[in-house]
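Enquirer: Dropping a structure here in structure tokens format, bear with me for questions.
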Amino acid sequence: MPPYRNRPPEERGAILKCKSVTTDIHPDVTPIIRAAQKNNFTLVKILHDAGLRVEELIDDDLTMSTNDSLQRSVGTLEIYRALASPAYVCFDPDPIGRAFHMSSLLRKLALLEVEFKLTYLELANGMEQYAADIISYTVTTEEAMAVLAYNGQGNSGKSERAVKALGLLPTLNRAIAHDQKKFVAEPTCQHVLRVQFSRQLISLQDRHFVFSVFLRILIILLFPVICIVYKLGISETCNDFANIPIVKFFMQLGSDLLLLGLILYETVLDSKFGKKELPYYGKCPPPITAWHYMIYVYALGMLWREILYLWKKRHQRNVVQLMNVINIIIGVLLMAFVNNEIAWIMFSVECQEIQYDTIPTTTATRSTANFPNPRINYTGLNDSEIIEGMVNDLFQTAYLELDNAAASISDTLRELLDHKEETTNMNFHWIFLLSRSIMSLVVVFSFTRIQPFFITVDMVGPLSISFTSMFTTTGQFLSVVIAVLSGFASGLTFIYHDTYHQNDVNGQSSCTASGGRGGSCSDTNYYENLPQSMLTLYWSLFGLIPAKSVKMDSIPRVLESMGELLYASFYVFTVLVLLNALIAVMSNVYNVVEENADTEWKFHRTYLWMSFLDETFTVPPPFNLLPNCASTIKNTFRRIKRCYCCLFSRKQSDENNVTSHRDEIRVTSTLVERYIAERTSHERKLEGDITLADMRNLKNDVIGLRYNLFKEVWCINEKLQTGHTESDHINTEMTTVQDVFNALATNKEDFHNFETSVRKWLKNMVERLRNLPDIDQMAAILRSGGGGQSIRRPIASSVDEMVNYYETLKRHKTRRKRTNQLLKELME
């Protein structure tokens, strides 16, 4: 059998894709799947380079029916164990994006394959931790930005708006969309996010606390001015300042606080400052004020913002969030409220002006038609007649007062009844009630808009997150409560409703029960129908319904006892079981959030900050309705230019995407190498082999040796440089010395010549000294006066020679003195 490398490609591929024929290993497991499950980086790389891949299952493969469903489920689990292995994901071109996708997919599979839910969730958590580990190996801001600013593969086929909609940090947006909390909470991501969020105001966190608070409050108070200046495009500095995400954050907070203040002014605060209560129910509706216009403009701004958001983010997944829904609800409710107010005024055509200064009074007049004048003349009457007259006078006065009182009471009752009938039957009354009901909902939802801003504070952020989680859990728990309420309410309704009406059918009074038990007409049936029974049981949990609600004398004792038993059972089941279960569930939710408080808080804060990093919006409502004067002109020229330069811009955009992709691949490859080195060293440490610590120690030793050698070589080089400098100086001095030696050589030659001449002179002198007696003799002859002309000529010649000799000797002496002086200088 030939070796593996000498075989044809078909046979080699068949060997690499072989499967087990026994039951020891699942038949869907291939060598690369097994290597990935064992997390063997070396073997996976070899098989990956050979062209082997683990094919991801599609939806049809997951839901198809086979003869052995267990084998299909186990095979699916084996494949996704390999796909979710760090050793296999590391060799993907985009390992972080692949980890996000696998984590989200495994969570979906956990809902489909409920039997293996815990295993799939464990694999999903492993992928989430893997992505966080990869980003943690970045050491510079450049590396972190290259990873977080990568738009993903395949952007060349997307439109420019679709790519721009991904934001400044597309990887972080994808992590939030896939619910990758550990990746988002990684310190590297948080550092980059804080820098991008604060930008030019990043130094604000280093300033004094009072100054930071003052600047934030100033932005909140002056946000209308900033928005108007930004829309007018007056100052480029103001435009740049308004585009800072942290400034947009505080401007949005100021807008929400202003809207809440307007609503509270109309609903709560205005009644405490002496506002006159108008009788809206009976006569004239209130006029439209500036407050209604401001609320309407706010509603239009909120709806316009959400419409633009949904349109520009249509390319992304999970676009609609809870806050978007709340904003839409508030905008619609505010517009409905104002429209109802306008409709109320339009329907009130016969509205009359109300005079508040005139108070209606009822004046009772005495009627004397049936009674004679009570003034009687008692003169001439006896005692009995006087007494009878006084009694008649007293009765007449009493009758008049009673008549006047009855008339006054009758008028008052008639006015009340007329007012009630008018309030109930007027045509526009339902509009008034609807508008007030809408405003009550708006007040509640307006307070919920402020709640997300508390997440940015680390002290109350985890508590706010716990509140949201508890609210969601309580909503799920209400399904169980509704089921219990429905069961007990149905039973109680069956007892009291049928029995109560059966008495009426039999011709008995509802106040008298069969069996001779006397009843009272004041008995209230709290269980007349199913909705009323559910409300009665619900409010009874809070002690608002008395316990005697199940005791009615108008029904038989047996049914009343059964009703009391059901009522007591309901209390036992809800208070002792469901209430404690709800408390336990809420405690569990709080503990989960508290255990991961830092991760949960950073994730939710990042989600809030990323909404302000988006360049889609700058100014909050209602100033977003104003046209942007500066950008309108720029966009017009930009569109005209785009018509002529569309091909060039598309090419440039593709080149930018390619550059970004190359940077991401380069940085990701470095991070993956660091991750593999860390994991393999850890595995070798467990196996007792050479560990990463040993390699680091060896590396440190080599680095130390290299440093020492470098230090020694550097010292030698410094010395050589110093010697070279000194040698240059010596070389310069040697040039002078050479000149001196040349002068000495010249002087030496002259001295030698001088010595030779001196020797000759000495020799001549010696010879002449020999002739000294002749000279003395000649001098004696001259003194004696003798001698002729022939004798004077030799003497004159000898004298001239002597004079020349002494002059020559003087010159040589001077030259010798100069030579000695020059030699002395050279010696110094």
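Glycine residues also receive a Cβ, built from the backbone N, Cα and C atoms like all the rest.
So TrEMBL says this about it:
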DOMAIN    56-117  domain 'Transient receptor ion channel'
TRANSMEM  209-234  transmembrane segment
TRANSMEM  246-268  transmembrane segment
TRANSMEM  288-307  transmembrane segment
TRANSMEM  319-338  transmembrane segment
TRANSMEM  428-446  transmembrane segment
TRANSMEM  477-496  transmembrane segment
TRANSMEM  565-586  transmembrane segment
Enquirer: Per DSSP, what is the helix/strand/coil residue tally across the domain 'Transient receptor ion channel' (56-117)?
Expert: 46 helix, 0 strand, 16 coil
Enquirer: Below 8 angstroms Cβ to Cβ, which residues of this chain, lying six or more residues outside the transmembrane segment (209-234), approach it?
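Expert: Residues packing against the transmembrane segment (209-234) from afar: 241-242, 247, 250-251, 253-255, 257, 618-620, 623, 626-631.
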Enquirer: Tell me, please, if the transmembrane segment (477-496) and the transmembrane segment (288-307) are in contact, taking contact as 3+ Cβ pairs under 8 Å between residues separated by 6 or more positions?
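Expert: No; fewer than 3 Cβ pairs under 8 Å.
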Enquirer: Can you give the mean pLDDT for the domain 'Transient receptor ion channel' (56-117), rounded to a whole number?
Expert: 83
